[in-house]
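Q: Handing you this structure, nothing more for now.
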Amino acid sequence: MTTNVRNEPTPQQIADEKIYRTFGLTDEEYDKVVQLMGRKPNYVETGIYSVMWSEHCSYKSSRPILKKFPTQAPHVLQGPGENAGIIDIGDNLAVSFKIESHNHPSAIEPYQGAATGVGGIIRDVFTMGARPIALLNSLRFGEIDGADNAHNRYLFGNVVAGIAGYGNCIGIPTVGGEVVFDDRYKYNPLVNAMCVGLLTHDEIAKGTASGVGNPVLAVGARTGRDGIHGATFASTEDPHSKERSAVQVGDPFMEKLLLEACLELIATGAVVGIQDMGAAGLTSSSSEMAARAGSGLELDMLKVPRREEGMTPYELMLSESQERMLVVMEKGKEHIAEEIFRKWNLEATVIGKVTDDGKLRLTEGDEVVAEIEVTTLVDDAPVYHRPSARPAYLDETLSFDPASIALPENFTETLHTLLGTPTIASKEYVYSQYDYMVRTSTVVRPGSDAAVVAIRGTRKALAMSTDGNGRYVYLNPRRGGQHAIAEAARNVVCSGGKPLAVTDCLNYSSPEKPEIFYQFEESCAGMSEACTALATPVISGNVSLYNQTNDLDIYPTPIIGMVGLVEDLDHITTQEFKQAGNRILLVGPSDTAGLGGSEYLRVVHGQIAGDAPALDLNVEKALQTAVLTAIQEGRIRAAHDLAEGGLAVALSESCIGGKLGATIELNSTQRLDEVLFGEAGSRILVEVAPEQLSGVEALFAKAGVSSTVLGTVGGDRLEIRVNGEAVISDAVTHLESTWRGAIPCLMK
Amino acid sequence: MKFAVLVFPGSNCDIDAVKAVEDVLQQPVDTVWHTTSDLSEYDCIIVPGGFSYGDYLRCGAMASLSPVMEAVKVEAAKGKFIVGICNGFQILTETGLLPGALRHNDTMQFRCDITPLVVENADTPFTREYSKGDVINIPIAHGEGNYIADEETLARLNSNNQVVFRYHECNPNGSVERIAGICNEAGNVLGMMPHPERAVSDLLGSADGKAFFTSILKAWEARVHDHQRA
């Protein structure tokens with residue numbers, strides 16, 4: 001630590017010139033480092049502390065809140081804290097899944113930003129020993145219409161292409177997701193990627209570095225100078241002010257090799273611990289693995305395989321080159337890794353060993369270039385209890401009076417407006433670019449409420465969905481958080497699955513603003529309440545803060561990835577109407593829909609106002625249980641959650657998918673636009689064969705869940721009459737052309 | 001009947017092909033690593049979809065130079081049944097076992113869908129269980145499936161009945177004459193962009209690909225039968 005031949009600043013210069021600030025450390029944080037070390041850190045040590053204490057790695061603003069999530073249940077085999085969570089689905093089978101953001105990189109370089117987001121989340125899942133079987137995503141962009149929005153179209157087009165490029169090549173089907181367009185995201189698009197993997201209980205691997213003397217191997221791609229300080233960069237405001245070189249470049253073919261080699265290696269049983277070198281690369285993987293085991297690590301920087309000569313320990317430790325893993329093997333079994341990786345044309349190189357002194361010690365040959373107590377990087381990372389204040393805008397949004405809004409003159413036209421809104425319109429433009437069928441297990445393809453993937457050799461399947469409505473959270477953070485969980489679970493139920501657990505990706509603006517921290521705190525509290533009510537614990541997740549540019553904050557956008565179990569393939573249910581003559585029921589309260597927070601209010605009236613839609617978690621739980629029971633008893637032909645655009649849009653979607661019309665008769669004392677386009681939780685549209693109707697109604701009545709017969713499937717038109725008066729009437733093919741054509745037309 | 005499914009490091013439809021052979025035909029099937037140089041024990045060799053060696057260069061260009069493809073050429077010359085699906089089709093054209101080439105889709109986008117195909121020639125080992133003119137629903141999933149060949153080659157393909165499948169009332173990738181699959185002059189080597197192995201049960205959205213596999217088995221049985229009589 002005495003020599004300094006690399007022209008790096010000395011510890012004294014780092015202190016005097018406050019160079020640590022350029023790495024993102026505050027004066028207070030730097031002082032804490034000095035105090036913990038008992039000396040001034042050198043250049044590489046300063047770099048290591050700065051990334052480990054970045055928001056991205058340390059969760060320093062969010063940790064006190066995240067601790068409050070319910071994470072326990074008998075079926076949870078691995079909760080938060082590992083590379084990904086794991087749940088039990090019976091028969092010795094388990095499912096590992098996690099969602100993660102790649103927002104900041106995607107704002108700068110959308111193709112590679114999105115691609116490497118997919119690559120990172122896949123690694124998180126296969127390091128657990130799981131075979132990845134499905135990918136999902138959740139995306140947010142600014143509006144894509146008009147000449148002014150060419151950049152948003154560029155971001156949208158390239159993010160989708162990047163996700164496709166990576167997932168298609170590696171051969172994991174992208175089976176589901178959602179895309180929302182709103183100018184709140186125009187500078188800060190959101191790119192959240194989720195991966196789901198399957199494993200048996202005995203295949204579970206962990207990210208721990210235990211066993212003194214065990215060898216530590218760097219496997220996969222070599223380390224280059226790309227993505228240095230990516231984690232720090234993701235923890236700051238305005239990604240556009242940063243350099244493109246902080247964005248990594250993905251190589252899905254390399255990842256495919258790494259995936260196969262790692263799963264083959266884990267299957268040998270000679271692996272002690274394995275972890276992805278993701279954000280903060282070798283730094284975070286080594287220190288987190290040591291921290292979990294309470295051990296130390298000694299790594300020789302000269303042994304790290306590299307892409308170019310002359311790389312310094314600083315660069316090697318902070319590089320975020322993709323497709324790399326850190327593996328701890330049982331001593332004497334290094335050759336097993338070397339042989340397997342050679343077969344896949346990859347390198348596995350011993351770069352160090354596990355120690356018992358609790359230190360992360362980096363050497364260059366015999367020279368020690370850094371020495372840090374591991375616990376100070378992980379456990380002693382700063383924790384901030386950020387001030388929280390109820391946002392002032394809430395007074396204004398809550399004072400919204402529906403009476404100030406004129407009723408549309410022609411509801412059929414309004415329905416077309418909504419069906420042609422990119423957020424509601426068909427996302428075929430997006431998912432037709434994803435290979436959603438590879439592995440031949442996708443039994444409900446993209447476009448229905450939740451995707452369903454069959455588990456070969458069993459009658460079981462997994463239902464999975466990503467959901468989150470940032471506008472609801474903006475208007476009522478607590479209830480908005482509840483909605484995110486409830487809707488994700490409802491989608492899983494509509495597909496015939498029992499919701500089991502949650503992974504969350506929490507996208508917000510700067511937590512240093514009290515109003516933003518209030519959104520964060522309150523929405524997480526709402527999510528916790530819903531998780532508890534629906535018995536779906538949080539098993540993994542990720543936080544992305546500082547999604548703001550030029551004072552434009554994104555909507556607080558918690559995205560929920562929900563996974564559920566379909567007990568039998570016969571329970572699989574989709575949203576499209578199946579047969580003329582079948583009856584259509586609205587299950588759930590029929591009078592709670594309001595205009596607050598609705599897509600209708602935003603698109604037709606240009607207002608973001610009102611309270612978030614109504615939601616009662618007890619009603620929600622009863623509804624989901626009852627609908628799932630009816631599905632499992634074989635009584636339901638189609639089920640569709642009522643979401644953006646309300647009843648009229650949901651009916652249209654079920655008609656379009658089934659190429660069938662429907663005749664609907666409603667009675668209501670509410671405003672017509674509330675009835676047709678208003679939004680509320682706890683509402684599911686179901687199709688029932690006439691002979692099943694009385695049984696289904698009795699089932700719902702017994703469960704205390706209200707249900708209303710709306711009408712009948714049939715013909716080739718959607719006809720909606722309210723209080724005897726025809727209000728919507730159009731050919732399904734006409735509705736379909738609006739809905740299907742909207743995004744392709746805008747992207748031409 | 002013994003099947004081989006080739007596995008390049010970036011193959012990703014290999015397992016699907018194996019599952020289809022097992023589920024539809026209940027016949028033995030091996031996965032064969034790309035460094036293998038002898039395929040003489042197999043009656044049918046499937047070159048599956050995927051991204052053989054990453055395909056950052058032209059799709060299938062590197063795979064066409066692999067040891068296993070030399071072995072495929074040897075078996076093709078013997079009259080063994082060779083099937084190239086998606087990336088496998090690209091590899092067969094790069095290898096020269098089939099004429100023409102596959103370019104980027106005219107949309108310049110990857111396209112995944114279930115697509116109707118017309119069976120143009122039901123007199124091949126791969127289609128004998130279909131009838132000419134049948135419209136079958138088979139998935140596609142590719143970024144480079146835009147088939148092209150010079151006019152002379154096209155004329156030959158048509159006059160020899162080598163166009164086995166065409167896209168029906170759609171053209172998802174810009175292929176000349178909506179060509180979706182072709183065979184060689186001898187009729188024992190077939191390449192197609194659509195994935196019959198993804199259409200072997202109603203649960204997957206279509207079971208129209210089953211007859212593709214049963215055709216191969218029937219063709220092989222007929223061949224064995226003929227040999228025995230001779």
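Quick reminder: no glycine exception, Cβ is built from N, Cα and C everywhere.
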Q: Out of A:Arg123, A:Arg342, which one does TrEMBL list together with A:Ser101, A:His102, A:Asn103, A:His104, A:Gln248, A:Glu320, A:Ser321, A:Gln322, A:Ser544 for substrate?
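A: Candidate in the recorded substrate site: A:Arg123.
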Q: Write down the one residue from A:Lys32, A:Lys98, A:Lys578 that TrEMBL lists together with A:Tyr59, A:Asp504, A:Gly541 as binding ATP.
A: A:Lys98
Q: What is the one among the recorded positions A:His56, A:Lys98, A:His102, A:Arg123 whose Cβ has the most other Cβ atoms less than or equal to 10 Å away?
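A: Counting Cβ neighbours within 10 Å, the top one is A:His102.
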Q: Take the mean position of the Cβ atoms of A:Tyr59, A:Lys98, A:Asp504, A:Gly541, the recorded ATP site. Which other residues of that chain put their Cβ within 8 Å of it?
A: A:Leu66, A:Pro80, A:Ile99, A:Glu100, A:Thr503, A:Cys505, A:Leu506, A:Val538, A:Ser540, A:Asn542, A:Val543
Q: For A:Gly541 (ATP binding site), name the DSSP secondary structure in the helix/strand/coil scheme.
A: strand
Q: Look up A:Lys98 (ATP binding site) in the DSSP assignment and reduce it to helix, strand or coil.
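A: A:Lys98 (ATP binding site) sits in a strand per DSSP.
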Q: What mean pLDDT score does the domain 'PurM-like C-terminal' (A:579-721) have in the model?
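A: 97, rounded to a whole number.
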Q: Taking helix as H, G and I and strand as E and B in DSSP, count the residues of the domain 'PurM-like C-terminal' (A:579-721) in helix, strand and coil.
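A: Looking at the domain 'PurM-like C-terminal' (A:579-721) with DSSP, the answer is 55 helix, 33 strand, 55 coil.
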Q: C-alpha of A:Glu320 (substrate binding site) to C-alpha of A:His102 (active site, proton acceptor): distance in Å?
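A: A:Glu320 (substrate binding site) to A:His102 (active site, proton acceptor), Cα-Cα distance: 13 Å.
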Q: Let's check the environment of A:Asn103 (substrate binding site): how many other CB atoms sit within 10 Å of its CB?
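A: Here the count is 26.
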Q: Note down the number of other Cβ atoms within 10 Å of the Cβ of A:Gly541 (ATP binding site), including every protein chain shown.
A: 26
Q: What does DSSP assign A:Arg123 (substrate binding site), in three states?
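A: Note: A:Arg123 (substrate binding site) is helical by DSSP.
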